[in-house]
Structures are given as C-alpha cells and as structure tokens.
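Trainee: Below is the structure I would like to discuss, written out as structure tokens.
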Amino acid sequence: MNKLTARIDKERLLLALAAPVLAVVAALVVTALVILATGKNPFEAFNDMLSYGSASDSQIYILNKATTYYLAGVAVAVGFRMNLFNIGVDGQYRIAAFFAAVVGGALHLPGPLQIIVVILVAMVVGAMWSGIAGILKTSRGVSEVISTIMLNSIATAVIAYLLQPDKLGQLDDAGTLVSTKSLPKSSWFFTFNAGPAGELWGFIVIAALVGVAYWFVLGRTRFGFDLRAVGRSESAAEASGVGVKKMVVTSMVISGAVAGLVGMPTLLNDSHAFSNDFPLGVGFTGIAIALLGRNNPVGIAIASLLWGYLERTTGHLELIGYDKEILGVIQGVIVLCVVIAYELVRRFGLRRQQQRVGAELAAQAAATATDEKLEVAR
Amino acid sequence: MHALCGENGAGKSTLMKILYGMQKPDEGTITVDGTEVAFSSPADAIARGIGMVHQHFMLADNLTVLENVALGSEKLYGIGGRARAKIREISDAYGLGVRPDALVEELGVADRQRVEILKVLYRGARTLILDEPTAVLVPQEVDALFDNLRELKSEGLTVLFISHKLGEVLSVADEITVIRRGTTVGTADPRSTTARQLAELMVGSELPTPGARESTVTDEPALAVSGLRLTATDSDGVVREVLDGIDFTIHEGEVLGIAGVEGNGQAELVEAVMGMRTPDSGTVVLGGRDISHVPTRTRRESGIGYIPEDRHRHGLLLEAPLWENRILGHVTETPNSRRGLIDARAARLDTERIVEEYDVRTPGIEVTAASLSGGNQQKLIVGREMSHHPKLLIAAHPTRGVDVGAQAQIWDQISEARREGLAVLLISADLDELIGLSDTLRVMYRGRLVADADPATITPEELGSAMTGASSGHLDHEAVGASAPEGGEEG
C-alpha cells in the first residue's frame with residue numbers, strides 16, 4: 001500500500017511538471033517558426049538570448065523584475081485558489097502605489113518607521129480597492145471579473161485626476177513628467193550592492209516572505225483549508241460550515257493587500273515617487289504568471305523569473321536586428337499552451353488515477369475472493 | 001424485458017454507456033439483431049434502434065413536451081402538426097398518456113419520465129435502456145411505469161432495465177443478469193429466484209439481516225424543532241412557503257424518518273437545521289441549546305453529523321485527496337487541526353483508520369475522491385461523520401446510489417450509533433429503508449408534516465399514498481385509503 005501511494009505521488013509530481021514544461025517547449029517551437037517566417041535564424045536568436053541572459057547585469061535586472069512579478073502573481077493566485085478571478089490587481093497596485101507615494105512624500109518619520117507606514121498604506125489601499133469588488137459580489141451578485149475591470153478604469157481615472165501639478169503632483173524640472181513628491185532618502189528601501197552588475201532590490205526579501213506566508217496560510221492553516229475548499233466546491237464548503245460570503249470578501253481583501261505590495265519594489269527601491277511613467281499592466285502579467293506557476297509559491301517564482309528573463313533577452317534581440325514583438329509572441333503562446341496543457345494533463349491524470357484505482361481494487365477483489373468463499377461456507 | 005443488477009461500481013453504468021455509444025469497449029463485441037456493430041457515438045446507437053432513458057432527466061423545463069421531443073430530431077417529423085400527430089400516435093399505442101402541448105415544468109416526475117420514454121420511441125428505438133427508472137418514483141407510480149413497460153414489451157420492443165431494487169426487478173423482468181466487479185457473475189430466472197438469493201449473488205456473500213431490534217428511544221430530547229417556517233422566492237418572483245409549521249422532537253437513541261416525494265421541502269428542512277438556510281421563524285434546539293441563529297460551523301461543532309443528499313455537491317471535494325475530504329466539515333476539530341493549524345499527519349492517520357474501519361475500497365488515501373465509486377465515497381462520508389461522535393445525525397438518502405453491501409453496512413452503523421444514544425433525522429425515498437430503520441415516521445407534503453405513522457405496522461403502499469397527499473393525520477394500518485382528519489388520532 002505504501003509503495004503504491006508513493007508511486008502515485010511521484011507520478012503526480014511528474015504530471016504537475018509536465019504541463020509547464022510542455023507549454024514552454026511548445027512556445028519555443030512556435031516562436032522558432034515565427035522567427036523563421038520572418039526570414040531570420042531562430043537558433044541564432046536563442047543563442048543570443050542564452051548568452052545575454054546569463055550576463056551578471058542581466059541577472060540582477062531579471063531578479064528585480066521578478067520581484068514585482070512575483071508579488072503580482074501571488075496576488076492573483078490568492079483569488080485563483082478560491083475561484084475568484086481578480087483581474088483588478090492592475091488597478092489595485094497602481095492606486096495603492098500612488099497613495100503610498102503621496103503619503104511617503106508628505107511624511108518625515110524616522111526611516112524604518114516611514115517605510116512600514118508606506119507599505120501599510122499601500123496594502124490597505126489595495127485591500128480597500130479590491131474589497132469593493134468583494135462586497136459587490138456578495139451583496140449584489142456582481143461578478144468580480146466585471147467589477148474589477150471597471151475598478152481598473154476608475155483607478156486610472158482617479159490617479160490621472162489627482163496626479164496633476166496643482167493637486168498631488170508636481171512637474172519635474174524638464175517639464176515633461178508629473179510625479180508625486182519624492183520620498184525622503186531615509187525611507188528608501190535597502191539594496192544589495194552587486195558591484196558593476198548593478199543593485200539588487202532589497203524588496204526581494206519581502207517578496208520571498210510573502211511567498212512563505214502564502215504557502216503557510218493556504219497549506220497549513222484552517223483558514224487556508226476553508227479558502228481552498230470554497231475554491232474546489234462552493235456548495236460543499238458551505239455545507240461544511242464555511243461562511244462563503246465572508247470568505248469571498250476576505251480573500252478579495254487579501255488579494256488586494258498583496259496587490260498593494262506590487263508597486264512597492266519600484267517605489268521604494270527605484271523610482272521613489274509615483275510618476276506618470278510608473279509601470280503599467282503588471283497586474284495582467286500577474287495573471288499569466290499565476291497560471292504558469294500553477295498557483296504554487298515556487299511555481300510562481302519560476303514563472304516570474306522566466307518572464308523577467310524573456311523581457312530582458314528579447315529586448316536585446318531588437319539591437320541585433322530581430323523584431324521586438326517576439327516577446328509578445330513568446331509570452332502569448334506560453335499562456336495559451338499553459339492553459340491547454342494543464343487541461344490535457346489534468347484529464348489524463350484523472351483518468352489514469354481512476355484506472356489505477358480500478359486495477360488495484362480488482363487485484364484486491366481477487367485476493368479476497370478466497371476469503372469470501374470461506375465466509376459463505378461458514 | 002431484461003434486468004441488469006449489480007453493486008455500485010460493479011460496472012452497470014459503464015456497460016450501459018458502451019451499449020449507448022458513449023464509451024468505447026477495449027475488446028468484445030456487441031450484436032444487434034444478429035449483426036455485429038460498433039458504436040462511436042450515441043447517434044450510432046440511435047440509428048441502430050437503441051435508446052436510453054437516463055436516471056437524471058434531460059428535458060428543458062421551459063419548453064413544451066412537443067418541443068422537447070422534437071428537439072434534436074427535427075428532421076424526422078418536423079416541429080409542427082406532423083410531430084404532434086406522431087407523439088399522440090406513440091402515446092396512444094403504448095398507453096403513455098402524454099399531452100404534447102403541456103409545459104414540461106408543469107409535469108410531475110412520473111410524467112417527465114414518460115416524456116423521456118416517448119422521446120426515445122419517437123427516434124425509432126426498438127431497444128430501450130432504462131437507468132434506475134424507479135429511483136425517483138413512489139410505489140403507485142412505479143406500478144404505472146411497469147404497466148407502460150409491459151405494454152412496450154407486448155408490442156415487441158426490448159427493454160433493458162437497471163435497478164438496485166430487487167423486488168421490482170423480480171416482479172417485472174423476464175430474465176436477470178447480475179454483474180459484479182465488471183464481470184457477469186450469473187443470470188437468474190425471476191420465477192424461481194428470491195430477492196435474497198439475488199442480493200447474495202450481487203454482493204457475493206451472504207447478506208447480514210437487519211434483524212429484530214429493541215427500541216432504544218430515551219426521554220432525553222436531542223433535537224427539538226418548533227414552528228419552523230421558511231419562504232423562498234421562486235424564479236417567477238412569487239414568494240412560496242417551502243416549510244410551514246414544522247414541529248418535531250427527536251430523542252436520544254431515536255430515528256425519525258421523514259417520508260415524502262422529493263421536492264416537498266425535505267432538502268430545505270435539512271438545510272434549515274444545518275444552518276445553510278435562514279428560516280423566517282421557528283426555533284431549533286440541539287441538546288437544550290438554542291442553535292436557531294448560530295452559523296453552520298458552530299452547529300457542526302456542537303454535534304451535528306451530516307450525510308448530505310447530494311454527496312458530490314455537499315459532501316466531498318471531488319478533486320481533493322481522501323484525507324483532505326476527511327477534514328472537510330470538521331476542520332476545527334481534532335484530529336484535523338490544532339490551534340488553527342491543519343494537522344495533516346494526524347488527519348492522514350485518521351483517514352487510514354476510517355478507510356480500514358468502514359471498508360472504503362481504495363488503494364490509498366492520496367487518491368482523489370472522484371476516483372472512488374459512489375458507494376465508497378458514501379462510506380467515507382459516513383465514517384467521517386461518525387468519527388466525531390455526533391449527538392444528531394442528519395442522514396439524507398444515506399444509501400442512495402449505494403450497492404447492497406455498502407447499504408447494509410451503513411444501516412448497521414446507523415443502528416449501532418443509535419444504540420449508543422445517537423438521534424437520527426432520516427430522510428429517504430426508499431420506503432423500505434425508512435420503515436426498517438425508523439422509530440417514528442412522519443410524512444412531508446408541500447412543506448408540512450401532514451401525517452405520522454408507526455413503522456412497525458405501516459406498509460410501503462400506505463406510506464406512498466400519504467406521500468401523494470391522499471391521506472393525512474395518523475396513518476393506521478386499517479384506516480388507510482380513507483382520509484383521516486388533520487392531526488386526528490383515530491384508532
């Protein structure tokens with residue numbers, strides 16, 4: 001019996017890895033075909049990506065990018081785990097970063113304290129923004145997909161309105177960029193100095209902690225069990241005693257709080273102010289990353305590194321004469337392949353397991369058949 | 001008329017799916033009228049004159065009978081007068097009594113079933129497969145169905161009939177095939193076989209007898225429900241009373257059985273007691289504590305065990321492993337968690353114990369619940385609920401879709417726990433089960449408890465007539481048939 005469960009586990013692990021690997025390989029093949037179709041040599045391109053990606057300054061860049069992506073992936077994954085599609089991570093992180101930047105620029109607290117305040121403001125704003133969608137869903141039955149998309153637009157409008165020179169923004173010296181007041185130097189987040197390769201953002205530590213917390217809360221606590229139960233079957237969870245409505249709002253709020261962190265690496269480690277060139281669309285990247293990483297904390301980390309890697313290396317391809325749209329093609333194909341591959345692998349795994357259970361039971365039946373006869377004889 | 005019997009998970013449904021072209025066999029042949037055939041889809045099977053009536057009806061409620069029948073086979077007789085004439089013709093030929101212009105949502109279960117049969121005949125079927133056709137019917141309706149089936153037989157059609165209910169199989173079939181664990185274990189002649197022999201053939205061993213049992217009812221009330229009233233708004237925006245004036249008390253060691261045709265408020269009653277629905281008025285008192293306004297989780301923690309009617313919707317996380325399903329519903333209790341943290345090790349160990357003690361047939365506890373057969377899923381649920389020593393067990397159709405072997409086992413477990421002072425609220429469509437297990441019987445009709453009966457003397461037929469609203473009050477063996485005055489205690 002033990003041997004059998006071990007085998008199932010090993011196979012399950014294999015199946016879990018099969019889908020993303022399959023997806024990435026398929027994406028490479030499709031990309032190669034696309035490059036071929038443009039009349040260029042795909043292997044040269046891959047070769048360049050490999051050598052450029054392994055340069056130390058590229059690696060720092062990739063890690064920094066991945067920090068942001070990881071947080072976005074986790075924010076989306078929290079929703080995914082209970083079947084909530086939080087498309088609004090994008091608006092949540094932007095509005096959170098904006099208000100955090102405003103608060104950070106206005107306060108002059110001792111460094112560490114100010115950092116904590118800024119981070120907390122971001123989390124609270126993000127949580128409130130997504131909480132609106134949660135409350136709309138539970139009280140009025142509005143699909144979170146619709147409401148979060150609309151909240152994204154509203155967030156964009158709110159930021160555009162407030163980020164004007166006569167409101168909360170200020171024009172830079174060149175007169176081209178509007179931004180919030182810069183954070184005082186004392187409240188910049190620490191970085192790791194990697195010499196000529198650049199600086200590694202210290203926020204990667206926070207991202208790792210968020211990953212650990214995500215794993216622990218969902219996998220090890222009652223709350224996490226309840227949350228996953230709702231994701232797997234809302235009706236069964238309700239019958240088991242989970243307050244589904246409360247859970248919807250809670251998980252939306254958590255998702256939003258994590259989303260609030262998404263803008264923090266950029267704000268605290270890089271830009272130190274919210275300007276109108278603050279990164280856009282990271283929330284949507286988070287959806288792709290959560291999908292690719294299977295909502296698994298390690299998987300999401302790998303996916304965000306892959307995303308950072310692709311962005312870095314395809315950016316360089318442009319310099320040697322390839323089209324920069326290659327990036328979009330690879331990412332798009334990966335996401336499509338992931339969705340298809342997961343479904344294929346899931347169905348295959350389920351069928352395989354049912355077959356195995358059947359086979360095992362038949363074997364048991366054969367073994368007990370003799371006992372049964374004895375029982376009948378008695 | 002050929003009947004197919006077998007335990008759940010024996011392969012009846014799989015066999016039917018193969019015959020109807022929904023699944024492909026690995027080997028073996030199917031011969032129809034002397035020619036070997038291979039079906040790759042239900043359409044092929046229909047073309048060969050094989051039709052299937054599913055256990056769960058596949059009708060569109062908001063369409064008329066005519067529209068439902070013509071749907072998908074518009075080419076045969078069109079969708080107008082010709083189709084209507086054809087439906088009338090078939091209906092008259094086999095005495096089905098189907099009105100082509102009635103809305104399906106206005107039809108009762110038995111009528112819907114006849115529409116399903118007509119649908120199959122309309123498509124030219126000469127061989128009918130019926131999957132557990134009597135599961136949803138009351139005894140009188142079952143008789144009517146069997147009359148229809150005999151009619152079909154006399155017109156030269158072949159009927160293949162799947163059932164768990166051995167009495168019915170014996171009364172209606174001309175030949176019986178029993179399958180177990182995927183192979184044919186025998187054929188039986190209904191004229192010379194008893195239900196018991198048949199059951200033994202199905203399980204492969206001698207059946208445990210329910211046996212005579214002494215009453216274990218005490219004076220200590222475990223659950224007292226009074227004045228329970230629940231209204232719901234239906235799809236037309238009309239507020240309907242789903243439950244009204246529900247009063248009952250279950251004592252420790254007592255099994256209260258609720259009989260009734262499905263959809264008369266039983267499911268709502270269960271959900272109200274479980275806290276999944278908020279009643280408009282009334283109180284629910286568990287062991288002296290008023291739990292009318294506490295959440296479901298608190299109710300479970302204070303000692304309610306729940307075997308839901310629909311285990312896939314309410315009892316299991318199908319895609320989760322067995323040990324996680326063991327935690328479901330009892331996440332706050334030992335051994336599943338300690339101080340807010342899941343204790344996966346202890347939960348796994350306890351799942352092993354349940355699998356062992358309740359004879360859940362599975363190769364391990366890491367497989368998903370979906371890969372178990374229905375009976376084994378149910379045994380896991382029963383084991384899980386019993387493991388927390390409930391004061392009250394709500395058992396809604398505890399043996400539905402469960403094979404004879406597991407059925408006896410579940411009954412035994414309920415009886416045993418009852419001896420130790422468990423109170424049971426039993427809801428079932430299986431009248432033999434109700435009469436056999438209950439200490440007290442109540443009949444539910446249109447959201448009210450309209451009649452009560454003594455399980456020691458009542459017969460399924462008498463109970464059945466009360467379930468259709470034909471009689472009410474106290475059902476006495478002699479007085480049945482006549483309508484007793486409401487709440488009357490005539491003797």
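Cβ atoms here come from the backbone N, Cα and C positions, even for glycine.
TrEMBL lists these features:
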TRANSMEM  A:12-38  transmembrane segment
TRANSMEM  A:58-80  transmembrane segment
TRANSMEM  A:92-109  transmembrane segment
TRANSMEM  A:115-136  transmembrane segment
TRANSMEM  A:145-163  transmembrane segment
TRANSMEM  A:200-218  transmembrane segment
TRANSMEM  A:248-268  transmembrane segment
TRANSMEM  A:326-345  transmembrane segment
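Quick one: where do these features end up spatially?
Mentor: Residues 45-46, 292-294, 299, 302-303, 306, 322-323, 326, 329-330, 333-334, 337-338, 340-342, 344-345, 348-349 of the same chain sit 6 or more residues outside the transmembrane segment (A:12-38) yet have a Cβ under 8 Å from a Cβ within it.
Residues 86, 88-89, 91-93, 95-97, 99-101, 103-104, 107, 109, 142, 144, 147-148, 151, 155, 183, 187, 189, 206, 248-264, 267-268 of the same chain lie 6+ residues outside the transmembrane segment (A:115-136) yet bring a C-beta within less than 8 angstroms of a C-beta in it.
Long-range neighbours of the transmembrane segment (A:145-163) within the same chain, counting only residues 6 or more positions beyond its ends whose Cβ lies under 8 Å from a Cβ of the stretch, are 85-88, 90-92, 94-95, 98, 102, 129-130, 132-133, 136-137, 169, 178-180, 274-276, 283.
Among residues of the same chain six or more beyond the transmembrane segment (A:200-218), those with a C-beta under 8 A of the stretch's C-beta atoms are 60, 63-64, 66-67, 70-71, 74, 77-78, 81, 119, 189-192, 194, 224, 227-228, 258, 261, 264-265, 268-270, 297-298, 300-301.
If one looks beyond the transmembrane segment (A:248-268) by at least 6 residues along the same chain, the residues whose Cβ comes under 8 Å of a Cβ in the stretch are 64, 67-68, 71-72, 74-76, 78-79, 81-82, 84, 86, 88-89, 92-94, 96-97, 100-101, 104, 115, 118-119, 122-131, 133-135, 137-138, 144, 183, 187-189, 201, 203-204, 206-207, 210, 214, 227, 230, 274, 278-279, 282-283, 286.
Residues of the same chain lying 6 or more positions beyond the ends of the transmembrane segment (A:326-345) and with a Cβ under 8 Å from any Cβ of it are 15, 18-20, 22-24, 26-28, 30-31, 34-35, 45, 288, 291-292, 294, 307, 310-311, 314-315, 317.
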